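First the structure, in the form of structure tokens, and then the observations on it.
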Amino acid sequence: MRSKTQSRRSLARPSQRGAAKSAPEDLYRRGMAEQAAGRLDAAIALLDQALRLRPDFPEALCAGGCILQRKGHAAGALAFYNRALELKPDDAVSWFNSGVLLLEHENAQEALVRLERACKLRPNHAGAQCNRGSAYFALGRSEEAIEAYRRAIALDGAMANAHLNLGNALMRLGQYGEARQCYLRAVARRSDYVLAYCGLGIVNKELGLFDEAMLAFDRALDLELDSAEGQSNRGCLQLLLGDFAQGWEGYEYRWDKGKRPVPISSARFDLADPEGLAGRKILVVNDHGLGDTIQFFRYIVLLARAGADVTFAGPAKMRRLLASSGAEIGWRDEQDLAGDFDATLAISSLPRACATRLESIPAPVPYLRAERERVALWRDHMAGAAPKIGLCWRGNVDFRVDPRRSIPPGKLSPLTRAPAARFFCLQKDPGADELPPELAARVTLFGDAFDAGPDAFIDTAAVMANLDLIITCDTSIAHLAGALGRPVWVALRHISEWRWMNERTDSPWYPTMRLFRCPEGDDWAALFETITDEIARTFRA
């Protein structure tokens with residue numbers, strides 16, 4: 001969930017009845033009246049006249065910035081605010097408005113500086129405190145965001161979006177029970193609050209309250225049918241529960257409006273009908289992380305083998321690995337979407353286009369392969385008779401959900417009980433120095449040369465070919481091991497992401513994969529006690 005900014009209009013300046021009735025001031029007041037009436041073009045014309053007569057008029061500059069901001073002219077608005085602040089450095093309104101503007105345009109660091117200044121000048125203004133929290137939230141500083149949101153609520157308990165934002169921050173920290181109460185308070189204060197119903201649905205899903213989650217998403221969509229938050233999250237819940245027919249439709253809304261790499265496609269492909277696919281020119285565009293690319297690349301392979309003329313616009317660093325599929329595929333840069341194609345669609349939309357259902361997931365593993373020369377090279381580095389187990393406990397730390405899918409390194413301690421096993425680190429940074437010392441002593445690192453070239457996962461795939469088992473969190477390593485057909489155990493939170501479904505110990509996407517789920521409360525230490533016991537059973541002499 002994104003944090004919701006508080007409207008900049010909440011810091012609107014009171015009318016200055018004591019101002020001298022000179023021409024610039026009169027034009028300013030008339031401009032403000034036009035702004036209040038929603039006639040923005042007339043308002044900016046009057047303010048422009050005022051500034052021509054008096055260029056050093058900070059109130060008019062601030063008001064002009066506000067109008068330009070409302071009209072979507074961000075650069076011009078920021079210039080007006082900055083000039084106003086040069087003339088009047090203690091202008092809380094300009095600090096606040098420019099902070100909100102920067103926050104809306106994803107410059108959270110500079111936004112925080114300005115919003116902090118606004119809060120110092122107006123410490124009891126709830127809107128400024130709420131937006132300060134949103135800047136902290138955007139920077140990943142959840143605890144400080146929570147403090148600011150609580151301050152905003154203390155100042156104005158009726159502010160629905162402060163309750164929403166507090167819920168988002170608490171949910172990011174895994175405090176689901178309290179987050180749920182925040183969302184309930186938000187919808188109690190604003191019964192048509194779509195984002196709050198979406199938040200309520202998400203947290204209900206995290207708590208395993210699937211029926212209540214579905215009701216919350218349905219309510220959000222009753223209010224706004226094309227809500228990307230509502231459609232995508234309901235779709236993911238439907239996929240989690242195995243309703244692929246409905247789930248793929250909602251999953252098409254996974255991108256915010258205006259940020260989709262390609263439009264939603266009406267294309268449909270029947271993998272069982274090679275004649276219908278023969279010669280069809282299809283452009284597939286990468287649209288998510290590397291794990292998604294690996295998971296859904298199987299469809300590109302199957303389409304190409306069925307006779308379609310497929311071109312993949314994806315990350316160059318993945319081409320060498322993906323080319324190991326042996327399928328005849330065209331390659332181009334992710335941004336190069338020009339050309340005459342019968343269909344253009346995102347790679348994550350291929351399951352929908354192929355009408356995939358739970359019982360028809362194509363899982364022809366391996367559909368990727370390690371390079372023989374590199375397999376032999378790494379075999380020499382990994383010689384020995386003991387069971388060889390690869391470990392990965394952390395995903396991409398820049399990914400916003402990583403704290404919820406990665407495994408706290410200290411919780412891996414039970415693995416020290418695994419008899420005779422040798423462990424190999426499959427992640428590059430951070431490495432084994434995160435682990436408890438007694439486990440770190442048993443983990444082999446591959447050094448700086450490991451996957452150091454421009455091609456992703458080439459060495460990782462070769463190492464996996466030499467391992468007896470891979471144990472990983474929910475990250476691209478899991479997908480790579482599954483696509484290579486290697487034995488892989490994935491350690492998951494109690495309620496996992498949609499692709500791992502609910503309560504399953506196997507994956508319909510990867511036949512060689514086993515799923516291990518935390519007990520309720522996401523007790524990772526207890527999970528790794530179970531995994532360690534299973535290692536002992538699996539490799540018992």
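Glycine residues also receive a Cβ, built from the backbone N, Cα and C atoms like all the rest.
According to TrEMBL, the features are:
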COMPBIAS  1-11  compositional bias 'Basic residues'
REGION    1-27  region 'Disordered'
REPEAT    24-57  repeat 'TPR'
REPEAT    58-91  repeat 'TPR'
REPEAT    92-125  repeat 'TPR'
REPEAT    126-159  repeat 'TPR'
REPEAT    160-193  repeat 'TPR'
REPEAT    194-227  repeat 'TPR'
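Restricting the average to the repeat 'TPR' (126-159) gives a pLDDT of 98. Long-range Cβ contacts of the repeat 'TPR' (194-227) within its own chain (Cβ-Cβ under 8 Å, at least 6 residues beyond either end) map to 1-2, 4, 160, 163-164, 167-168, 171, 176-177, 179-180, 182-184, 186-187, 233-234, 237, 240-241, 253, 494-495, 502, 520. Secondary structure of the repeat 'TPR' (194-227), assigned with DSSP and counted as helix (H, G, I), strand (E, B) and coil, comes to 27 helix, 0 strand, 7 coil.
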